[in-house]
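Positions annotated as region 'Disordered' by TrEMBL: 1-58. Among the features that TrEMBL reports, domain 'Kinesin motor' is placed at 58-400. Annotation comment: TrEMBL describes GLY143, GLN144, THR145, GLY146, THR147, GLY148, LYS149, THR150 as ATP binding site. Residues or ranges marked as coiled coil in TrEMBL: 409-450, 480-517, 571-637. Under the heading repeat 'ARM', TrEMBL lists 696-738, 737-780.
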Amino acid sequence: MATGAGWAPLRSVERHGAPRAGGGTRSKSVAPGPRRPSPSPARSRPAPDNGGSADSCRVRVAVRLRPKNSEELAHGADFDNCVELQPESKRLKLKKNNWNCESYRFDEVFSENASQKRVYEVVAKPVVESVLEGYNGTVMAYGQTGTGKTYTVGRLGKDDPSERGIMVRALEHILSSMSFETDCIAISYLQLYLESVQDLLAPEKTNIPIVEDAKTGEVSLPGAAIVEIKDLEHAFQLLQIGEANRHAANTKMNTESSRSHAILIIHLQRSSRIKGENCRSLSNDTLDIFPDNLPLVLKSKLLIVDLAGSERIDKSGSEGHMIEEAKFINLSLSSLGKCINALAENSPHIPIRDSKLTRILRDSFGGTARTSLVVTIGPSSRHCSETSSTIMFGQRAMKVVNTIKLKEEVDYEILYKKMEREVDQLTSEMERQQKVIKSEKMQLDKKLKESEKAFHDLRLTSNMQIENLEKEKCHLESAVKNLMQTLEEEKGQRNLLSEQIIELEKLLNENKQQQLENISKTKILADTSKEHEKEMGELLKLLEEERSCSSSMKNRMSVLQQQLCDAQSSAQLQESMAREFEKKLTKVTEEFTSQLQSLRKNISELISEKEVIYEELKSTQEKAQQEMRHRQGLEDQILRMKQSASDNCAEVSKASCGMVRSGSGLGNAAFVSKSGKLREAVSGQRGTISKIFEEVGLPNVLSLLKSEDLDVQIHAVKVVANLAAEDINQERIVEEGGLDALLSLLETSENTTIHRVTAGAVANLAMNGSNQGVIMNKGGARLLANVASKTDDPQTLRMVAGAIANLCGNEKLHLMLKQDGGIKALLGMFRSGHIDVIAQIARGIANFAKCESRVISQGHRKGRSLLIEDGVLTWMVANSTRFSASTRRHIELAFCHLAQNEDNTCDIIASGGIKELLRISRESPREDTRNLAKKALDSNPAFLREVQ
């Protein structure tokens, strides 16, 4: 594909669908040339294949045959069919003459009986489903004028759902497939008219630029209105607004021929995740870019294009401005055809920049969008050459291959909200943990102190017990030692006694006498020995008890030592935990400190910015004071000039009021003075005004409208009114804020002269069609109606009536004009009885009726006239013959236009308007008015019955 002027693919992180071969076949065809290489499939996944077709990535083309129209049916054999359809084989035969025909194959062939539903399901539904999956798509209608393109694409069918075209059905399909909690849909509706991109939803936006991204090649239209929709009813309203603003005209080929290319852009945004099987199809780099927990969004765009029909001037009968329109239409279609030819032939250069249409559609042919084209043809052999050209366009388009891409982006808004929630949760969790850690630390410190205290007490107690045990041990050892010594002594004594007993026994044998004595002594000694042995056993038993008590004290001391070790290890663990908590607390404190420093830095920057702004404010105040001094000087200069212009103030007022002209109505108001003397006064005053304008400047003149001096205000308004009478000054006055100042004077001033001259200035500004909508949007009609209700001055009422009459010439403002009370105010000014005021009333009613009749005849609006609802019809019947010829002519013309609307029939009959119509058809001095009245009588059966 060519670079620079070529149709380059997007260069973003996208998923590419691999292109597949495909193209239409023809009985006399030549094999297509080599296909262009597709972009690299890195970080890609293939596009879904709807219906399993092998041609899913090339441009799919269907042909639709229009039924015969009334003209072709009336001529019968003169307009024989030049087309023969073979829907079962998806072929079409074009008869060039009785013996020669050619056969063409398309993706689908629709006969004249094909329903709108079937056309949508075959042509547009696969593209819409692809758009819902995240791919860009285009559905386009191409063909000769009058072959049914707008019917196929743009038919609203609000009353009959079966008549709905592709636009409405695509929106209905998308809305039914979306979840408004996570998805959103918005539309833009544009027209390409005379090579100027205009917004159909905001008509004031014209010449919208086309911008191409240098990196991705993506085309955008900055400044175009993008309206988010929530339901089908809202979409209907927007489409109706767009259709009402689209340019159309009546030609020999088509009664409602589109004079511009209409482009409906549907912007779709849906949430997405890359999971499961989709992840396996992605490279590792893509998985690094799009992790599972990262919110992604699919952004896709659907273009539905209703091209204006190609036409030949000799057949369509176009003339005047319509020839210029046809020239631009044919040029843009010719540029599109050249691009299709270049793409079909693999040309190294694609002439994409030859037309704004091809720049807008650069993504649809050879780009990254899935494209379906429906070509519409007529059956008549009269237009065989145009039919053949349309068929060849479709055949070449079938050779164009697109590389569709899935564009996924990170949803930074959701990610930001998610991260914000996580930060809040982490902050609250950190604060909670800090509180828990602080409380745990306090508890651990408390337990540590209690443990240390208990350990200290236990240590003191154990030391005291050990000392007591040592003392008791020493006492016991000394007691045992004493007992052992005593036992030794007693044992020695016992041994002595035993020896003595032995000696005594010896002596007993010697002496019985002595034996008895010795026996008694032995008993005494035995008793003593037993007593000593008993005491010794008790001492041994006491020694054993002391030993067991000593061992138990040793065991208890070892247990206490073990508890002391455990308490020390627990204290060490608590100290380590406390150190970790202190580290975390230190880290958090450092983070908070850094944040605090950044906040202090931001505050210092804001303080410096505040000082800079204060300096700028101070300089601005000084400039304002200089402007005030300059303005005071200008006011003094105006007061000096006022003395020179005081002689002809009345003539200037009348002349400025007489400059009111119709903006888009039925002719200029007859407010030009016939007096040569007055013309000289006006000329002299205009010279004075031009001198003031050149010397003072428009901004300074407008600033004097806010002067507190009433005379200065009046003269400033007169100058602005005279300037507004010139076409070259009107837009500039509005841009410089002059309209706002004039409307403010209408609202706030109570001076009759101010009201009269200001209304004349507004009337002059309303002569410019681009200013009319601005005046209405700023409440100009409401303010004019207010002034009309408060004054009886004929000249003021004449100015107000002229301004409202100019606004009546814009059919787009009728409903707003009625709602703001403009029609009632216009009719209410009849009370003055002044012939000039009544002439302006009649002109405004005629303007309103003519524009309303044109809108209703074009099918943009239905129902009774808005004039009838405000009682205008009754007023016209009662006063149609009372005034001057020019006033009667306006009333008669308005009456004839009201009679063209069949919804007004009952009101006209009830008000006695039939007699008035008959009178106009016979007695009106103008032939066109008589013909219009006759047409209304002849075309309405109810009128004919009343006449009979």
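Note that Cβ sites are derived from N, Cα and C of the backbone, with glycine treated the same way.
Positions of TrEMBL features highlighted on the structure.
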residue	record	contacts (Cβ under 8 Å, 6+ apart)
GLY143	ATP binding site	LYS149, LEU307, GLY309, SER310, VAL375, THR376, ILE377, THR390
GLN144	ATP binding site	MET253, GLY309, SER310, GLU311, THR376, ILE377, GLY378, HIS383, GLU386, THR387, THR390
THR147	ATP binding site	ARG66, GLY309, THR376, ILE377, GLY378, THR390
GLY148	ATP binding site	ARG64, ARG66, THR376
THR150	ATP binding site	ALA141, GLY165, GLU256, SER258, ALA262, ASP306
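Over the repeat 'ARM' (696-738), the average per-residue pLDDT in this prediction is 80. There are 27 other Cβ atoms within 10 Å of the Cβ belonging to LYS149 (ATP binding site). Counting residues per DSSP class in helix, strand and coil order gives 35 helix, 0 strand, 8 coil for the repeat 'ARM' (696-738).
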